[in-house]
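Trainee: Below is the structure I would like to discuss, written out as structure tokens.
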Amino acid sequence: MTTTPAGPRPVRAPRGTTLSARSCKGWQQEAALRMLHNNLDPEVAEHPDDLVVYGGTGRAARDWASFDRITASLRDLDGDETLLVQSGRPVGILRTHEWAPRVLIANANLVPDWATWEEFRRLDALGLTMYGQMTAGSWIYIGTQGILQGTYETFAAVAAGRGDGPDRPSGDGLAGTITLTAGLGGMGGAQPLAVTMNGGAAIVIECDASRIRRRLETRYLDAWAEDLDEALRLATRARDARRPLSVGVLGNAAEMVPELLRRGAPIDIVTDQTSAHDPLAYLPAGVAFEEWRERAAAKPEEFTQRARESMAAHVEAMVGFMDAGAEVFDYGNSIRGEARAAGFTRAFDFPGFVPAYIRPLFCEGRGPFRWAALSGDPADIAATDRAILDLFPDNEPLARWIRMAGEKVAFQGLPARICWLGQGERAAAGLRFNELVASGEISAPLAIGRDHLDTGSVASPYRETEAMADGSDAIADWPLLNALVNTASGASWVSIHHGGGVGIGRSVHAGQVSVADGTDLAAAKLERVLTNDPATGVLRHVDAGYPRAKEVAEQHTLTVPMRED
Ligand code: NAD
């Protein structure tokens, strides 16, 4: 009997601690099914009806028929089979073996000469491909918390650079400062809370009222100002009282950022997280929000040009703030590249956040480690929080994050947690989690994964690999090796994507998710994957000549054949 594929509908991950007749044949497959569904949970996804999870148009499946077929395939999949997913569409099931991933995913990959937005959109319109962003198409997006800790780390590094000191004992290093930014989407929505967690005041411009409302509801944002006057008044008062406060304001950043510069607003730090990586997802000045989608779809080339011109005005104002003494950085959305494409020659005068703040962490294999409780029970995450505090008692910034996250982060979809862990630490955490699942202290398996924005899994010259010490920014062998190594090491699902974060033509990246189901087999796989996955990052940075990476490689006895002794 064939059934007509159903269209948009609310999707929610199955919960519970056991596998039922409606479940998959094993926890590895069930984890993939629950995480795919979780990506599209209306609490998690930005536009679930369109299968869009976050990041402009980052989707979890190509269309609803593909979603249904992936779900059915996972339910039917044996523990020695592998489902192949080509840009969000299931294309085959092959016999492999129990150490092999249950799902292999390739999203949005194009032959380099064809890797343009124009060609991508042509193929997308024909229904032949899908933009997977990073964790949208690889089924390990956990809502805005996923990006929160990275953003928290970045603003903590900004604070440290401003004299708060590396140990950040007070944790309020941004007290007495105002940060100006834009974009309250899936990723950008983390910005206000990350600033206030560091003690600062923030003004965040967003053109979509529903995004401001959502961040208020989930407590990522404190207040919604009527207009720029009120936003400035509230932020200045908080700054003077050295009190944390985040204020959203409805409007267009391409208009409001230049306006604030013109007024000489007392801004200390400026960045941006509008969806600038995709010109059709950036609202140009002078276009009404209500007309945005229709006009972008009707004349994409003309719209792209307008968006780029607006981004040039936006970035010019950011450079203006830099000239006036503010600390300014690009937050990984490619806005400098787009502004330069529109002819603004000073677009790259301010740095990207990775060379400015994150690369030293990457040298240690550190990156956005995350996990989700497949049971749906928040108590399981509380147990993992205790395990992390117990495993790393000397890491005060990590402990501070785990405690604050426990208090301040509202879960979206399946309860989940993120923290940045480095070489050695990830394997230790994964093995401890697996023991807790085995002993029943955690009630059901955990899906353990990470963002693709990680130490060894991405080539992205405007972001993660900007300004590498040896000039190897555009070398994309590393993320491919990363995916191959994770496949060879026993990950539950592995993905290779193109274009995430900064847009088509500008990045190649890989993801992995591994399931801790409490078995000895899972422990053996976790030990390898969670050692080898960050190790590719340490090796990548050793190869590029970073002394800190060499120290970490030695400390963890990683074999580096070309190392000079
Ligand atoms: P999103 O599409 O969910 O949100 C973008 C938001 O920007 C939307 O709410 C949109 O209404 C708003 N916006 C668009 N044009 C605007 C304008 N002119 N003025 C004001 N608001 C405007 O995207 P997201 O997931 O939040 O990601 C934002 C950007 O950050 C993307 O380019 C993404 O690739 C990048 N990103 C950065 C990191 C990082 O770690 N720094 C990680 C992932 C993604």
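Glycine residues also receive a Cβ, built from the backbone N, Cα and C atoms like all the rest.
When I checked TrEMBL for this same protein, it listed these features:
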ACT_SITE  CYS419  active site
BINDING   55-56, GLN133, 186-188, GLU206, ARG211, 252-253, 273-277, 282-283, TYR331, GLY501  NAD(+) binding site
DOMAIN    12-140  domain 'Urocanase N-terminal'
DOMAIN    143-357  domain 'Urocanase Rossmann-like'
DOMAIN    360-554  domain 'Urocanase C-terminal'
Trainee: With CYS419 (active site) as the reference Cα, tell me which of the binding-site residues GLY186, GLU206, ALA253, SER275, TYR282 is the closest one.
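Mentor: Closest recorded candidate to CYS419 (active site) by Cα: GLY186.
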Trainee: Would you mind pulling the DSSP three-state label for GLY186 (NAD(+) binding site)?
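Mentor: Where GLY186 (NAD(+) binding site) sits, the three-state DSSP reduction gives coil.
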Trainee: Here are the recorded positions: ALA253, CYS419. Which has the lowest count of other Cβ atoms within 10 Å?
Mentor: CYS419
Trainee: List every residue in the same chain as SER275 (NAD(+) binding site), at least 6 positions away in sequence, whose Cβ is under 8 Å from its Cβ.
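Mentor: Long-range Cβ contacts: GLY55, GLY56, GLY183, GLY185, ALA281, TYR282, ASN333.
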Trainee: Using DSSP reduced to three states, classify GLY55 (NAD(+) binding site) as helix, strand or coil.
Mentor: coil
Trainee: Compute the average pLDDT of the predicted model within the domain 'Urocanase N-terminal' (12-140).
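Mentor: Mean pLDDT for the domain 'Urocanase N-terminal' (12-140): 97.
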Trainee: Which number gives the other C-beta atoms within 10 angstroms of the C-beta of GLY501 (NAD(+) binding site), all protein chains shown included?
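Mentor: Around GLY501 (NAD(+) binding site), other Cβ atoms within 10 Å: 25.
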Trainee: In the domain 'Urocanase N-terminal' (12-140), how many residues does DSSP put in helix, strand and coil?
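Mentor: Helix, strand and coil residues of the domain 'Urocanase N-terminal' (12-140) number 42 helix, 24 strand, 63 coil.
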Trainee: Tell me whether GLY501 (NAD(+) binding site) sits in a helix, a strand or coil according to DSSP.
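Mentor: The residue in question, GLY501 (NAD(+) binding site), is coil (DSSP, three-state).
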Trainee: May I ask you to report the DSSP-based helix, strand or coil state of ALA253 (NAD(+) binding site)?
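Mentor: Once the DSSP labels are grouped into three classes, ALA253 (NAD(+) binding site) ends up as helix.
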